[in-house]
Amino acid sequence: MVPAPPPAVSFSPAEVQRRLAAGACWVRCGARLYDLTGFVRHHPGGEQLLRARAGEDVSADLDGPPHRHSANARRWLEQYYVGELQGGPQGSVENGTVTSANTQKTDPWMEPKLKVVDWDKDLVDWRKPLLWQVGHLGEKYDEWVHQPVIRPIRLFHSDLIEALSKSVWYSVPIIWMPLMLYLSWSHYRTLAQGNVRLFESFSTEYSVAMPESVFPGLFVLGMLLWSLLEYLIHRFLFHMKPPSDSHYLIMLHFILHGQHHKAPFDESRLVFPPVPASLGIAFFYVILRLLLPEAVGGTMFAGGLLGYVIYDMIHYYLHFGSPHKGSYLYNMKAHHAKHHFAHQKSGYGISSKLWDHFFHTLIPEEPHLKMQ
């Protein structure tokens with residue numbers, strides 16, 4: 001249900017120009033004005049918008065060739081709506097940011113799908129913790145959770161539990177890198193002693209000696225296994241569709257990953273908090289210890305732990321970094337934005353597209369529109 005929009009505020013071209021000169025980044029679609037100052041660095045084309053704000057001519061460079069944005073992206077844009085440009089689409093602004101970021105005419109394919117966010121009429125009460133509420137959404141949950149918003153999420157009533165469900169990005173390398181280095185050094189020294197043998201617990205006759213020279217290979221294998229595990233968890237656990245009649249499975253999905261798709265720029269929920277992360281990390285360490293000799297499993301675990309740290313850091317950067325256009329991270333940022341706003345059932349890779357290639361879940365290429 002879409003409520004009637006409030007009366008529009010009108011801005012003269014001169015007033016818009018003053019705001020641009022003060023450092024704001026406004027764009028327009030037809031006569032509608034949007035203040036993207038706080039969002040510009042998160043968008044894959046944000047670097048070009050910032051250059052435009054500085055007065056450079058980037059009209060042919062913004063986001064590459066013109067392309068259709070998803071319905072979610074258009075709903076997202078409406079959350080930045082500030083008012084109308086006096087004089088309608090024909091109103092002129094000297095600075096290139098407003099006039100070059102959009103065509104002069106509103107796309108008729110886009111206009112009917114624009115929605116205004118009304119927090120008081122949403123399916124949940126945003127003034128209260130969300131976790132228990134989402135369990136009651138039933139069949140409406142899957143559509144609701146994939147309509148992103150630009151506000152932080154509170155999950156729990158308890159301040160302590162709520163604090164444990166959040167984390168700053170730098171907690172990941174601070175906590176896990178020392179452990180990775182310690183395990184690497186410890187297990188390398190064990191391998192260097194020359195008495196580690198693979199399969200010895202099954203057969204002494206056919207056991208295989210594991211010299212210290214295998215350390216780099218085991219470490220890289222651990223990183224590769226983590227990348228596969230990351231893909232599988234993201235695809236089959238994080239993007240499962242919980243049964244509409246299961247209150248608790250909906251809550252589980254929301255706390256695992258749904259919250260991130262609902263509020264993809266809530267920076268306190270972009271990396272795994274240390275307490276729940278430690279439970280998962282301990283689980284995988286125990287599995288490797290049960291299957292392999294300590295030095296072998298521990299070395300692979302250390303490689304996987306480094307892979308996890310890299311994954312979480314890249315994921316954070318894809319949401320809040322400003323990579324240079326054409327770089328690997330720029331392409332990954334655009335790829336991940338498509339996953340959030342248009343293709344939630346494909347493009348599961350975060351740090352690379354390796355397993356998306358392998359399992360044929362790449363985000364499909366979309367034909368660009370012809371220049372208007």
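Here the Cβ of each residue, glycine as well, is placed from N, Cα and C on the backbone.
Automatic, uncurated: that is what TrEMBL annotation is.
Copied over from TrEMBL, here are the features:
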type: BINDING; residues: H43, H69; note: heme binding site
type: BINDING; residues: H234, H239, H257, H260, H261, H315, H319, H336, H339, H340; note: Zn(2+) binding site
type: DOMAIN; residues: 8-86; note: domain 'Cytochrome b5 heme-binding'
type: TRANSMEM; residues: 167-185; note: transmembrane segment
type: TRANSMEM; residues: 214-233; note: transmembrane segment
type: TRANSMEM; residues: 270-292; note: transmembrane segment
type: TRANSMEM; residues: 298-318; note: transmembrane segment
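Against the transmembrane segment (270-292), stretch 298-318 shows more Cβ pairs under 8 Å than any other of 167-185, 214-233, 298-318. Local packing around the binding-site residues H234, H257, H261, H319, H339 was summarised as the count of other Cβ atoms within 10 Å of each Cβ; on this measure the leading residue is H339. Proximity of distant same-chain residues to the transmembrane segment (167-185), defined by a Cβ-Cβ separation under 8 Å and at least 6 residues beyond the stretch ends, is recorded for 219, 267-274, 281, 298-299, 301-302, 305-306, 308-309, 312-313, 316.
On the 0 to 100 pLDDT scale, the model's mean across the domain 'Cytochrome b5 heme-binding' (8-86) is 60.
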